[in-house]
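What follows is a single structure, written as structure tokens, with notes after it.
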């Protein structure tokens with residue numbers, strides 16, 4: 001009990017850092033035209049740049065999971081965030097495309113431990129309703145970062161230029177990193193007990209547990225594929241197909257972030273009434289439908305396309321549900337490694353999707369395809385990825401120990417009484 005308040009402070013610092021991480025995941029879509037012009041990116045190079053963050057993010061997840069299991073959350077998170085701060089400072093300061101690419105990768109490195117650290121911090125004590133609610137609330141708060149990386153960033157870019165606007169974000173990153181160093185390094189490393197998962201929940205033996213865990217990998221790869229149109233490729237899509245201005249693109253991205261925020265805020269209420277797997281399946285199904293409509297009608301209406309991009313981005317809100325589902329089939333002593341594998345798969349999916357988009361877009365341009373036809377191929381790729389993830393996820397286990405009813409969702413770690 002004596003460590004309860006420091007753990008609460010740590011949760012809030014990690015949540016604040018996650019908000020900033022969401023900003024850095026999402027800013028590229030809004031200022032993509034300026035980045036392409038300033039650095040002279042081709043479509044393929046832009047795909048590399050947009051994917052660099054997520055590739056670095058993905059590659060760090062498994063090493064970080066092992067580090068969390070051994071050292072706790074504080075030390076690995078602080079070290080990585082310091083590297084991310086250097087990248088945040090270098091990006092608006094450089095005019096060299098290669099340095100910009102490295103800076104973007106450094107940002108991914110710096111943001112890599114934040115949400116997984118938050119998950120590890122909360123879920124190490126269990127995977128019940130209390131922990132699910134804490135994770136989903138933190139996820140909802142983090143969406144405000146994507147919201148800031150929309151119309152506010154577009155406005156700041158139009159008034160100040162993108163470099164000063166990103167300089168402000170770099171300063172915020174430095175402040176949060178300092179706060180993390182002070183707060184997280186003071187939190188004692190929890191020593192999880194070895195758990196015996198209840199028989200009948202996921203089957204007997206390690207092979208059954210491993211098989212259940214493997215069924216979560218495809219949905220993790222797929223869940224954020226559509227969100228690539230919010231984090232990076234939405235800017236080129238709306239600029240090339242509908243000729244929207246930076247401010248107008250910012251409005252679309254704001255709408256996408258608000259939609260995802262609303263979904264994230266509703267999920268903690270829905271988990272009281274519906275199984276985690278049912279909610280996640282519903283989200284993936286809506287994503288497949290949205291992508292299919294965009295394949296068929298990429299240029300029908302800017303309003304329709306914006307609405308469907310909002311749906312694609314909101315599919316990512318199932319992330320904490322799948323992580324909590326994984327917790328219910330994982331022993332606490334290996335939680336960091338397993339969350340690392342799943343998170344690595346999530347962001348590997350984003351990185352691979354973004355790079356494939358760059359290759360597809362450049363190939364389509366060389367073939368003389370119109371902008372709508374070119375982006376239709378990107379939406380088709382997205383639909384296939386989502387459909388494969390959905391089909392595999394059907395065979396995943398339900399979360400163990402779920403309760404329903406008005407008393408199911410207990411107080412989260414955001415309440416000092418917890």
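Every residue gets a Cβ built from N, Cα and C, even glycine.
Features of the protein shown, as given by TrEMBL:
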TRANSMEM  9-33  transmembrane segment
DOMAIN    10-400  domain 'Major facilitator superfamily (MFS) profile'
TRANSMEM  45-66  transmembrane segment
TRANSMEM  78-95  transmembrane segment
TRANSMEM  101-123  transmembrane segment
TRANSMEM  135-155  transmembrane segment
TRANSMEM  167-187  transmembrane segment
TRANSMEM  208-229  transmembrane segment
TRANSMEM  249-271  transmembrane segment
TRANSMEM  278-297  transmembrane segment
TRANSMEM  303-323  transmembrane segment
TRANSMEM  335-360  transmembrane segment
TRANSMEM  375-395  transmembrane segment
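For the transmembrane segment (303-323), the residues of the chain that approach it from at least six positions outside its boundaries are 119, 123, 132, 135-136, 138-139, 216, 219-220, 223-224, 226-227, 229-230, 234, 237-238, 241-242, 252, 255-257, 259-260, 263-264, 267, 271, 276, 279-280, 283-284, 286-287, 289-291, 293-294, 297, 339, 342-343, 346, 382, 386, judged by C-beta separation under 8 angstroms. Between the transmembrane segment (278-297) and the listed ranges 78-95, 135-155, 208-229, 249-271, the one holding the most Cβ pairs under 8 Å is 208-229. Ranked by Cβ pairs under 8 Å to the transmembrane segment (249-271), the stretches 9-33, 45-66, 167-187, 375-395 are led by 9-33. Averaged across the domain 'Major facilitator superfamily (MFS) profile' (10-400), pLDDT for the predicted model comes to 83. The largest share of C-beta pairs under 8 angstroms with the transmembrane segment (101-123) comes from 45-66, of the ranges 45-66, 167-187, 335-360, 375-395. Contact check: the transmembrane segment (167-187) against the transmembrane segment (78-95) gives at least three Cβ pairs closer than 8 Å, residues 6 or more apart, which meets the contact criterion. Here the transmembrane segment (45-66) lies next to the transmembrane segment (335-360) in space: the count of CB pairs under 8 Å, restricted to residues six or more apart, reaches at least 3.
Remote same-chain residues near the transmembrane segment (335-360) are listed as 43-48, 50-55, 57-69, 108, 112, 115-116, 119-120, 123-124, 192, 213, 216-217, 220-225, 227-228, 231-233, 319, 322-323, 326-327, 374, 377-378, 381-382, 385 (criterion: CB distance under 8 Å, separation of at least six residues from the stretch ends).
By number of Cβ pairs under 8 Å, the transmembrane segment (208-229) is matched best by 375-395 from the list 9-33, 78-95, 135-155, 375-395.
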